[in-house]
Amino acid sequence: ELLEVLTFDSVRRRMSVIVKSTTGEIYLFCKGADSSIFPRVIEGKVDQVRSRVERNAVEGLRTLCVAYKRLEPEQYEDACRLLQSAKVALQDREKKLAEAYEQIEKDLVLLGATAVEDRLQEKAADTIEALQKAGIKVWVLTGDKMETASATCYACKLFRRSTQLLELTTKKLEEQSLHDVLFDLSKTVLRCSGSMTRDSFSGLSTDMHDYGLIIDGAALSLIMKPREDGSSSGNYRELFLEICRNCSAVLCCRMAPLQKAQIVKLIKFSKEHPITLAIGDGANDVSMILEAHVGIGVIGKEGRQAARNSDYAIPKFKHLKKMLLVHGHFYYIRISELVQYFFYKNVCFIFPQFLYQFFCGFSQQTLYDTAYLTLYNISFTSLPILLYSLMEQHVGIDVLKRDPTLYRDIAKNALLRWRVFIYWTFLGVFDALVFFFGAYFIFENTTVTINGQMFGNWTFGTLVFTVMVLTVTLKLALDTHYWTWINHFVIWGSLLFYIAFSLLWGGVIWPFLSYQRMYYVFISMLSSGPAWLGIILLVTVGLLPDVLKKVLCRQLWPTATERTQARNKCLSVEQPTVFMLSQTASSLSF
């Protein structure tokens, strides 16, 4: 008969039940981690069970110790009173319950230990290896024993046979002080990294010595504990982070859920401000999932608490590889182009209007017609970038999954840095100057129509606007690598829509308008040979810097992604020939 349940918590790392047998005897059975059971045991084969537990842990098995004690009726009544008074306490209820559990769960008799195999999910090792190749630092935060966690890290390829393991554990702190251990570890990792260029928290250095750090919960508590006088000199967090930066992988074992969140917070607010991602499958992972920038929950046998509290939920750990290295890569490429392109095309749009004020006596006269002002961002240039940001694949999905190192090209926010932003700004200002002054100087004091008339104000503005729409749309076409019929339809359809709208807008006298200033303007411009020549010339000059930059960078300083693109193009060109040869060979054999 079940009488009481002393619930599990991550601090005690054990739980107990009080039961009554059919003969009327009362027993307390306690199960938990070996570190929490052994100190409370007074009888049993402790040494034998301890050696068996350590051997099982080295083999990667999850171990659990079980103990019991017989309660006399008086002891049971005392335990009930303790529990009842703690349960009804209005203040510090959890603290009082913990104290009651501590008094009840003592003087135990060791029964034995269990060991179960917690097998890795399929392709878990391949996923972690791919993440490391992509330049992502992988840390394991677990509540398991150090031996069990180490064996798991070797199994999932987080640690390799060449990895030199550094320990920052309670056993190590019993031999040396925390200060000495930290400084010894710091000297070890910095000795080999002094002459190497490291990229903090990203693991981008391929020639670095392979270190792995193991830290347990007790050591972490000492590191996170500030000095009593409040000074920062006794705070070893920065030194600890410096050691971690120079390690290829970090294993944190015997971690309580709040300690997992502390680790994530410590990294998140370090001076490099890296982007953190936490993934877990159980309720004890919720705190770190909530603390990280991106939280991912794995839906599995541990329940759905992690999935419910996460930003994204996946059924298997292996899906993290495609989620980050494919979808994450595509998303970043698309969103960076979307942001920069929107800024670029609006610089091209507004800057000629700004320059025009110097030539119209600051009269607030607009360069473009109001219809063009309204529809530029709504209709003429919106759909191409929208489709680009939804469908662009600068490299194939299979290539990104096969070569995780391509992820390094977008690391450290590479496409949204100031240098890239300044380039897009320069390109927008240059194109705006070409549009405005090109049209201004080409047609200044020149007869450009058949009857010898000069272009008027609205014809000049329409010419600038036409060159601008063509240039910004063709600029996006140059950046597009993944062409489908939808892209063709939207890009060339947007240009055709602009021409059709301009012909209709300027070819009809609209009765609901109080002015007809655009009547016959577009048709008159297109009937002029010099206008056609000017449009072609200005569009070419506007696109020339970007084309030259792309060609020079691809030839002189190609990124890994650009080399892969070039290699895939060569393979696609050679593929039909290979197919024909294989077809001929098969017919000959037949």
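Using N, Cα and C of the backbone, Cβ positions are placed for all residues, glycine too.
TrEMBL: automatically predicted annotations, no manual curation.
Worth saying up front: this structure is predicted, and the values here are computed from it rather than measured.
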Matching range for TrEMBL feature annotation, transmembrane segment, among 202-224, 455-477: 455-477
Same-chain residues near the transmembrane segment (489-513), Cβ under 8 Å, at least 6 residues beyond its ends: 369, 371, 375, 379-381, 383-384, 386-387, 462, 466, 469-470, 473, 476-477, 480, 519-523
When distances run from the Cα of Asp285 (Mg(2+) binding site) to each of the binding-site residues Phe8, Arg62, Gly143, Arg254, the nearest one: Gly143
Distance in Å spanning the most remote Cα pair of Phe8, Lys31, Arg62, Thr142, Gly143, Asp144, Arg254, Lys260, Asn284, Asp285, given for ATP: 23
Residue numbers, six or more beyond the limits of the transmembrane segment (455-477), whose CB comes under 8 Å of its CB atoms: 341, 344-345, 348-349, 352, 356, 365-369, 372, 376, 380-381, 384-385, 388, 431-432, 435-436, 438-440, 443, 448-449, 491, 494-495, 498, 502, 517-518, 521-522, 524-525, 531, 534-535, 538-539, 542-543, 546
Nearest of the binding-site residues (Arg62, Gly143, Arg254) to Asp281 (Mg(2+) binding site) - Cα to Cα: Gly143
Among Phe8, Asp285, the most crowded of the binding-site residues [Cβ within 10 Å]: Asp285
Tertiary neighbours of Arg254 (ATP binding site) (same chain, Cβ under 8 Å, six or more apart): Ser35, Gly143, Asp144, Lys145, Met146, Asp216, Gly217, Ala218
Neighbouring C-beta atoms (10 Å sphere around the C-beta of Gly143 (ATP binding site)): 21
